[in-house]
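Participant: So TrEMBL says this about it:
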type: DOMAIN; residues: 4-226; note: domain 'Orotidine 5'-phosphate decarboxylase'
type: BINDING; residues: Asp10, Lys32, 59-68, Thr119, Arg181, Gln190, 210-211; note: substrate binding site
type: ACT_SITE; residues: Asp59; note: active site, for OMPdecase activity
type: ACT_SITE; residues: Lys61; note: active site, for OMPdecase activity
type: ACT_SITE; residues: Lys61; note: active site, proton donor
type: ACT_SITE; residues: Asp64; note: active site, for OMPdecase activity
Amino acid sequence: MGKDVMVALDFKSGEEALSFLDQFTGKQLYVKVGMELYYAEGPSIIREIKKRGHKLFLDLKLHDIPNTVEKAMAVLSRLDVDMVNLHAAGTIEMMKAALRGLTREDGTRPLLIAVTQLTSTSQERMQKELLIPEELDQVVIQYAKNAAEAGLDGVVCSPLESGKIHEACGSGFLTVTPGVRFDDASKGDQVRVTTPAKAKELGSDYIVVGRPITQAEDPVAAYERCVSEFVNA
Ligand SMILES: O=c1ccn([C@@H]2O[C@H](COP(=O)(O)O)[C@@H](O)[C@H]2O)c(=O)[nH]1
């Protein structure tokens with residue numbers, strides 16, 4: 001699987017998201033639709049984006065009891081999305097249930113990946129607030145191993161952790177990595193961040209980039225900068 005840049009469409013309406021996409025004339029992007037846009041518009045925004053030929057990661061981060069997640073994934077499997085996700089903290093049993101729910105009658109399904117630890121979480125907060133005493137890297141690797149054992153296709157993690165996850169789970173196990181910032185940009189609420197170039201060096205399969213592209217003065221140029229640093233370098 002080739003490396004790609006996913007653009008996080010964190011917009012409050014379909015109208016805003018589609019007019020943002022209109023700037024990328026003739027380009028087929030890999031976009032990420034998260035909670036804000038999906039809760040605002042529902043499945044219609046997925047259909048509209050797919051109609052324009054873009055690939056789509058639906059980032060709803062499911063986390064519930066296994067039965068509920070299985071049923072919810074069965075509903076999501078009817079959407080024409082390329083990738084969906086859940087929280088690895090929901091246990092191996094929950095992840096296996098998700099996979100069952102997501103698999104269509106003909107055996108096909110979107111890729112399914114698990115969030116390890118959010119890229120906005122620091123080791124200090126994880127240990128003090130979430131009462132997880134281990135090193136953050138170790139927690140991320142253990143959650144990735146759990147996801148692999150459940151049969152998932154990969155994880156969401158920081159690019160800083162991609163190399164270690166590939167060592168633990170194999171090079172074909174996908175690392176989808178938000179927490180990407182250009183050298184000269186502010187981190188915002190992200191903690192475990194690095195640049196697109198460093199993400200490539202560390203072995204990320206996909207980088208997920210939101211505000212550095214969507215809030216740039218020239219979003220197309222910012223996207224192209226990500227592509228040249230991460231994909232074409
Ligand atoms: O651990 C995670 C999981 C998901 N995200 C999502 O990625 C984008 C990042 O946006 P930026 O504006 O580039 O910070 C956003 O949609 C998050 O919900 C993440 O950041 N970290």
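A Cβ is built for glycine as well, from the same backbone N, Cα and C atoms used for every other residue.
Nobody curates TrEMBL annotations by hand; they come from automatic prediction.
Can you tell me where each of these features sits in the structure?
Facilitator: In sequence order, Ala72, Gly90, Met94 make up the list of same-chain residues 6 or more apart from Asp64 (active site, for OMPdecase activity) whose Cβ falls under 8 Å from its Cβ. Following the DSSP three-state reduction, the secondary structure of Asp64 (active site, for OMPdecase activity) is coil.
Taking all protein chains in view, 25 other C-beta atoms sit within 10 angstroms of the C-beta of Asp59 (active site, for OMPdecase activity).
A C-beta separation below 8 Å, combined with a sequence spacing of at least six in one chain, links Lys61 (active site, for OMPdecase activity) to Met35, Asn85, Leu86, His87, Val115.
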Participant: Of Leu60, Thr119, Gly210, listed as binding-site residues, which ones have a Cβ less than 6 Å away from ligand 1?
Facilitator: Thr119, Gly210
Participant: Taking the Cβ of His63 (substrate binding site) as the centre, count every other Cβ atom within 10 Å, in any protein chain shown.
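Facilitator: Result for His63 (substrate binding site): 16 neighbouring Cβ atoms inside 10 Å.
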Participant: DSSP on Gly210 (substrate binding site), three-state: which is it?
Facilitator: coil
Participant: Determine the Cβ neighbour count for Gly210 (substrate binding site): the number of other Cβ atoms within 10 Å of its Cβ.
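Facilitator: Total other Cβ atoms inside 10 Å, all chains included: 19.
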